[in-house]
Amino acid sequence: MTNSPRTAAIIVAAGRGLRAGAGGPKQYRTLAGRPVIARAMEPFCTHPGVMAVQPVTNPDDTEMFNAAVAGLNFRPAVGGGATRQASVRAGLEALAELKPDIVLIHDAARCFVTPELISRAITAAGATGAALPVVAVTDTIKQVDSSGAVDATPDRASLRIAQTPQAFRFDVILDAHRRAASGGRDDFTDDAAIAEWAGLTVSTFEGDANNMKMTTPEDFAREESRLMAALGDIRTGTGYDVHAFGEGDHVWLCGLKVPHTRGFLAHSDGDVGLHALVDAILGALADGDIGSHFPPTDPQWKGAASDKFLKYAIDRVTARGGRVANLEVTMICERPKIGPLRDAMRQRIAEITGVPVSRVAVKATTSEKLGFTGREEGIAATASATIRLPWGADGLAG
């Protein structure tokens, strides 16, 4: 084995997560505004020691998966099987063409994995060939019989809680999985157990107490509260945009194509509502304005759809570990009338940003026939955005 083994990772995300309650598969639910699976995958996708990340998903979840992990770098997902064991084997077979030295197998529901834990996994597998992260048992454990009566009290000094990523030499764990499948064994709950069954010695290395598996509604409630408490740096920004009317038969407003007697004079699609929101978000980040990120002199933005700009602004918040808490936009115009479109506009902004519609407000007013909007020469919009960033991002104490 070389000092720098060629390492790949499998992210197991084909389960349904029924114990987590309503809301769909748990790996696609959000924590502090970010999908669990994105939190679980990103440390592998960005780790310098991991050359490839292979997701294994349920084919029914393709749309959710693509939306949740947009922007990350990974191999095309493969479909999972009826059991976790079958899903892992599908991931291993998909990686066989790469012939990695080491493979890390990680559950998507463990979304607090750290780069340090990944590095320890790679080192352990390189040294022993098969290893898993563990943490000590701190509670007293009781073994009970079928009636629920205590049958024994094991010595917790020798007990450990298994975690992922579990790490193996690729060739040996692929062989073990193939042998188990051909032997009709499909009841293993983790990959270390398959390695043990195949006669391999499995070593352990230091896990991480925070590397918990999201399983129950209580897990989600607790971790949501913890993460939101850490996002205590609350910031606000405001934005303003205006566009004059020109020739055309429609205008774009808050992501909707609205029939109108005139169009906008604009370099992009001229959506004043979304442009104002972009400026508000960038202002909250102290990150310039829409013109500095998307110069009107740049031909690539000619006729561009403004939802791209808004998604970009949201990504800037996410990249700093934050989330958007509230968005508000006020349209200033005589026509078209905004009232009948208000709910559809709110829904469209929510779709673009991933912000719950209950945190998106669209309002409208006129200038009482005064000024350019009163003369129906164009439309203006103002916006505000409230975001939450982690304490310490700019050297401030929490």
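Keep in mind that glycine also has a Cβ here, set from the backbone N, Cα and C atoms.
Going by Swiss-Prot, these are the annotated features:
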SITE      Arg19  site 'Transition state stabilizer'
SITE      Lys26  site 'Transition state stabilizer'
SITE      Arg156  site 'Positions MEP for the nucleophilic attack'
SITE      Lys213  site 'Positions MEP for the nucleophilic attack'
REGION    235-398  region '2-C-methyl-D-erythritol 2,4-cyclodiphosphate synthase'
BINDING   Asp241, Val242, His243, His267, Ser268, Asp289, Ile290, Gly291, Thr365, Thr366, Ser367, Glu368, Phe372, Arg375  4-CDP-2-C-methyl-D-erythritol 2-phosphate binding site
BINDING   Asp241, His243, His275  divalent metal cation binding site
SITE      His267  site 'Transition state stabilizer'
SITE      Thr366  site 'Transition state stabilizer'
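The structure, with features from Swiss-Prot marked on it.
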residue	record	contacts (Cβ under 8 Å, 6+ apart)
Arg156	site 'Positions MEP for the nucleophilic attack'	Ala136, Val137, Thr138, Asp139, Thr140, Ile141
Lys213	site 'Positions MEP for the nucleophilic attack'	Asp107, Ala109, Arg110, Gln163, Asp219
Asp241	4-CDP-2-C-methyl-D-erythritol 2-phosphate binding site	Val272, Gly273, His275, Ala276, Asp279, Ile290, Ala380, Ala381
His243	4-CDP-2-C-methyl-D-erythritol 2-phosphate binding site	Phe264, Leu265, Ala266, Gly270, Val272, Gly378, Ile379
His267	site 'Transition state stabilizer'	Pro296, Trp301, Lys302, Gly303
Thr366	site 'Transition state stabilizer'	Ile332, Cys333, Glu334, Thr373, Gly374
Ser367	4-CDP-2-C-methyl-D-erythritol 2-phosphate binding site	Ile332, Thr373, Gly374
Phe372	4-CDP-2-C-methyl-D-erythritol 2-phosphate binding site	Val242, Ala244, Gly378
Site extent for 4-CDP-2-C-methyl-D-erythritol 2-phosphate (largest Cα pair distance over Asp241, Val242, His243, His267, Ser268, Asp289, Ile290, Gly291, Thr365, Thr366, Ser367, Glu368, Phe372, Arg375, Å):
30
Using the structure shown, find which entry in Lys26, His275 (the recorded positions) has the sparsest Cβ neighbourhood within 10 Å.
Lys26
Highest Cβ count within 10 Å among the binding-site residues Ser268, Thr365: which residue is it?
Ser268
Using C-alpha atoms only, work out the spacing between Thr365 (4-CDP-2-C-methyl-D-erythritol 2-phosphate binding site) and Lys26 (site 'Transition state stabilizer') and round it to an integer in Å.
42
Three-state secondary structure, which DSSP defines for Ser268 (4-CDP-2-C-methyl-D-erythritol 2-phosphate binding site):
coil
Quick check: in three-state DSSP terms, what is Arg156 (site 'Positions MEP for the nucleophilic attack')?
helix
DSSP on His243 (4-CDP-2-C-methyl-D-erythritol 2-phosphate binding site), three-state: which is it?
strand
Could you state the CA-to-CA distance between Lys26 (site 'Transition state stabilizer') and Ser268 (4-CDP-2-C-methyl-D-erythritol 2-phosphate binding site) to the nearest Å?
38
Other residues near the divalent metal cation site, CB within 8 A of the CB centroid of Asp241, His243, His275?
Val242, Ala266, Gly270, Asp271, Val272, Gly273, Leu274, Ala276, Ala380, Ala381
Relative to the Cβ position of Ile290 (4-CDP-2-C-methyl-D-erythritol 2-phosphate binding site), how many further Cβ atoms are located within 10 Å?
25
DSSP three-state assignment for Thr365 (4-CDP-2-C-methyl-D-erythritol 2-phosphate binding site):
strand
Sort Lys213 (site 'Positions MEP for the nucleophilic attack') into helix, strand or coil using the DSSP assignment.
coil
